[in-house]
Amino acid sequence: MQFQGAFTALVTPFRNGEVDEERYRALVEWQIEQGINGLVPCGTTGESATLTHQEHKDVIRICVEQVKGRVPVLAGAGSNNTREAVELTRYAKQAGADGALLITPYYNKPTQEGLYQHFKAIAAEVPMPFIVYNVPSRTGTNLCPETLARMKRDIPEVIGVKEATGNLIQVSEIIEYCGADFQVLSGDDFTVLPLLAVGGCGVISVSSNVVPAKMSELCRAFFEGDLATARRVHYEIASINRAMFLETNPIPVKTALSMMGRIELELRLPMVPLQPANQSRLRDILSAAGIV
C-alpha cells in the first residue's frame, strides 16, 4: 500500500457532547471533492485522546463507510498501552482501513528497545500496513532513525513513518538508513516541501482540514516536477499553517472550520476555546486568504 500525497488528519466534530456523524460525513465528502489523497481519522487532530473506545471505533467505521474506497484511509490506532493498541489496530483492520497510524507510546517514555518491541508485538497480532507516528513534542520520546531502520528490516508491517519533529537532518537519516521505498510523511505542515525535496512522499496535515485543495496541489506539483508551483503554494499557505498553531491543535483548526460553517465549535476538555485575541487573528488570516 502506497500512502503518497496529501492526507488530512481529520477533526472529529461534536454536537451536544456526542460525535456529529452528519457533519463528519460531510467533511469526508468535501475533502474528497477537493482532491485530497487520503484521510486519517482518530489522530491527534481528531481528539483521539478524549474519545471513548466505542467512539474511536465508530469514527473509524464512519470514515471508511463514507470514503467507499475512493481514497486510502489510514486509521489512528495507537496507544501507550500495547494491548490497547492491538485492540484498536485490530478494529481498524476489521473496519476496512487501508492502514494504521500508530503513535509511539507516550508518557511512559520507553527505551528504543521498548519502542521496537511495542510495534513488533502489534504486528504479530494484527498484520496490516503501519505508519509509525513520531512526535516527540507530545510523547516525550524520539524514535531514532536507527530504530526505524531496524523495524523496517524486521517488521514488514512497518512501511513508513509520520515524522513530526520538523528536523530535516533526522528525516534525511531515516531515508538514508531505511531506503527510498520506506514511506516518510511529514507531520509538520511547515516543512512539507523541504521533506518532499529530500525524498519524502507526502504529508499528514492539519492545515488541509481548511485548505485541502492547496495541500494536494503542493504535493501533486512537486511529484510532477513543477517546482515553481509547489514553491508558490508553499508560501501561499504559510499563513494558514501558522494560524493552525496559534494555540494547541486542534483548537485553531476546529475554530476555523466553524467559521467556515462546516462544523459546530465544540471541543472536549481539557481543550478549551481559542482566546478572543487569537480568534480575531484567525478570522483575519482566513479572510485575507479568501476562506471566510
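The backbone N, Cα and C atoms fix where each Cβ goes, glycine too.
If you check Swiss-Prot, you get these features:
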ACT_SITE  Y133  active site, proton donor/acceptor
ACT_SITE  K162  active site, schiff-base intermediate with substrate
BINDING   T45, I204  pyruvate binding site
SITE      T44  site 'Part of a proton relay during catalysis'
SITE      Y107  site 'Part of a proton relay during catalysis'
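Overlay of Swiss-Prot feature records on the structure.
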residue	record	Cβ contacts under 8 Å, 6 or more apart
T44	site 'Part of a proton relay during catalysis'	A9, G76, I103, V135, R138, N249, P250
T45	pyruvate binding site	A9, L10, V11, V206, N209, N249, P250, V253
Y107	site 'Part of a proton relay during catalysis'	N80, T139, G140
Y133	active site, proton donor/acceptor	G43, G78, L101, L102, I103, T104, V161, K162, A164, G187
I204	pyruvate binding site	F7, T8, A9, V40, G43, L74, L101, I131, K162, L185, S186, G187
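All protein chains included, the residue listed as 'active site, schiff-base intermediate with substrate' registers 27 other Cβ atoms within 10 Å of its own Cβ. DSSP assigns T45 (pyruvate binding site) to coil in the three-state reduction, placing it in neither a helix nor a strand. DSSP assigns Y107 (site 'Part of a proton relay during catalysis') to coil in the three-state reduction, outside any helix or strand. For the recorded site, K162 (active site, schiff-base intermediate with substrate), the DSSP three-state label reads strand.
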